[in-house]
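J.: Below are the features I grabbed from TrEMBL:
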DOMAIN    6-85  domain 'Zinc finger PHD-type'
DOMAIN    107-162  domain 'Phorbol-ester/DAG-type'
DOMAIN    124-206  domain 'Zinc finger PHD-type'
DOMAIN    239-290  domain 'Phorbol-ester/DAG-type'
DOMAIN    323-377  domain 'Phorbol-ester/DAG-type'
DOMAIN    344-402  domain 'Zinc finger PHD-type'
DOMAIN    507-573  domain 'Zinc finger PHD-type'
Amino acid sequence: MFIDGKCDGCRVRGLMYGSYYCNEANCHSWFHKDCAESPLEINHHPSHPEHPLLLTKMAPAEDGTPCDFCGQEILSTCYTCPTCKFKVDLICGTKPSPSVIEHPVCHDHTLVFLKKRVEEDKAPCEVCKESIDGPSYSCLECNNVYFHLDCVNLSKEVDHPCHSIHPLIKIMPSESLIDDDDDAQKSCSLCLVQPKNVLYHCSICNFTLCLGCTKRPPPRVVNDAKTHTHPLTLFPSKIKFTCKVAGHLGHKGANCGVCRKSVRQYYGAYSCSICPKYVVHSRCAANYSAWNGVELEGIPETSEDIVPFKVVGDNLIRHCMHEKHILLLLKDYYMVGDDYKRVRCEACVSPIGFGPVYSCQECRFFLHEKCAHLPMKKNLVFSPTPYMLEYQGKAVYCNLCRLFSGGFKYTNQERWAYSFVDVHCSSISEPFVHNGHLHPLYFVETKEKRPCDACRGFRDGYMLNCSACDFDLCFYCATLPIKLWHISDEHPLTLYYGRQKATRQNWCEVCEMELDPSKWFFTCFDCGVALHDKCVLGDFSRLTPNYSIHFRGKEYLVILNNLNSRPSCRSCHDRCKAPVILQVNDEHNGYICSNSCLYRVI
């Protein structure tokens, strides 16, 4: 296989053909085939012939030690002499550069090898015009003339195995090719990257290579039993074809679980052994936004579910997030007490409301039964590595629903992942079936803002989408409760999914403003009252009252909006309508009614 990346052995960046990778989760180490197969011992090294050099893994404390041959920092693997403490990096050990090149193809004079130079003495390479961060070759007769080690053998004209019928001519800078001929191939014919400084080009065939693919061509023949039973030979000419492994054309078969396009039955794909209708294109499955890099061939399939509690008796459990006391299962919500509308689940921070709950008999700790079963480890679409369940005791901002959230949350430390996902957003899986839409919804990630069909707000990032109807649903609306209790009504409120044409005007019972009938809102089917979702829940509904949060250097106290009169927001100066608001703890005091106002606090 090949990857466009940096070898952890020789530190050379570019396309790596037939490379090796680490099969451990969260480890993203890649090695050239030659680097991974380096010998364990080297005898008679030209820079240290008196003793053998042994392949050694550097201790973390020794990272950054300079190579005694080239002066470049040694990051991990190197060759060392246990007798003399002599060290050389991997590439200097296996492929040491000659100290002198008497007749170089890139220059008219003799070149000598130089160790890594000091920062203020740097000059660009004469071939590629890029900076030199390591050892180089220099001309003693010319002033400030230097070459990269792998550029020194490149001439103005090269013969390349991928285009053997004509020589390739060096053109520099690459923009001159674009200016001279609008039809010229502007990107590399192998890696498809458009070179910035220098390229090699055949004007007869309109064939272009970047400097990296010129120096490190792909192998002519590949043997890969997983792909094909016979050797595969490089075909240097450009033709249109459908890849037999990654092909995704045609109309027959199921849809890919990643890109939603059709998976043709004649080409390669991955399928689930448990869910036979779930298939993924080979290319989509191997994408590192969906795959953690671990190859599971030959590894027995096991379940990763970790139960978050231990059963200690009939309807009794000891939960990992509340180990000091035992929790009792109460199958009817009224058994919690008269204040069941105000009691909140410690996991999702929603009012207990309906259904069975676990209750601590020694303190006010409650969990919905379904929240008590939240797994300790969960695979989410937002990262190829699992998320872990945590109860940190502090509020975090969930970038999916755009709300501050207390209670339990799932965390992931990968640099490309959402760091925190609250339990509401983490409960959504594909296909997502919602009563607000006829068809199932699927995750889609967009960089451009697009409107949610429930709230009409514009969002970017992850949304839920129905491609057949061009229907989009943001995570805030997707996680709205279907039914809840509210202090403004004695009956439960139900989420209503809006309509385009209103038969009559509706007014919100809380703020007394008119309701937009095309947006989702809450209603009581017994009384006929209607309420905005923000008036029922607000932006701080997932924070526990009497909870302190810190944001941009200020402390805020979460309080219920049950004062004798509705306070004015310190930021927008409107009356606070949401049931949960923030009280500012600074010299000016005051209250905050929403997220947008929180960002404007001075």
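Here the Cβ of each residue, glycine as well, is placed from N, Cα and C on the backbone.
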J.: Restricting attention to the domain 'Phorbol-ester/DAG-type' (107-162), give the mean pLDDT.
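T.: Averaged over the domain 'Phorbol-ester/DAG-type' (107-162), per-residue pLDDT gives 81.
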J.: Within the domain 'Zinc finger PHD-type' (6-85), count helix residues (DSSP H, G, I), strand residues (E, B) and coil residues, in that order.
T.: 7 helix, 28 strand, 45 coil
J.: Do you know the DSSP helix, strand and coil residue counts for the domain 'Zinc finger PHD-type' (507-573)?
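T.: Counts, helix then strand then coil: 4 helix, 21 strand, 42 coil.
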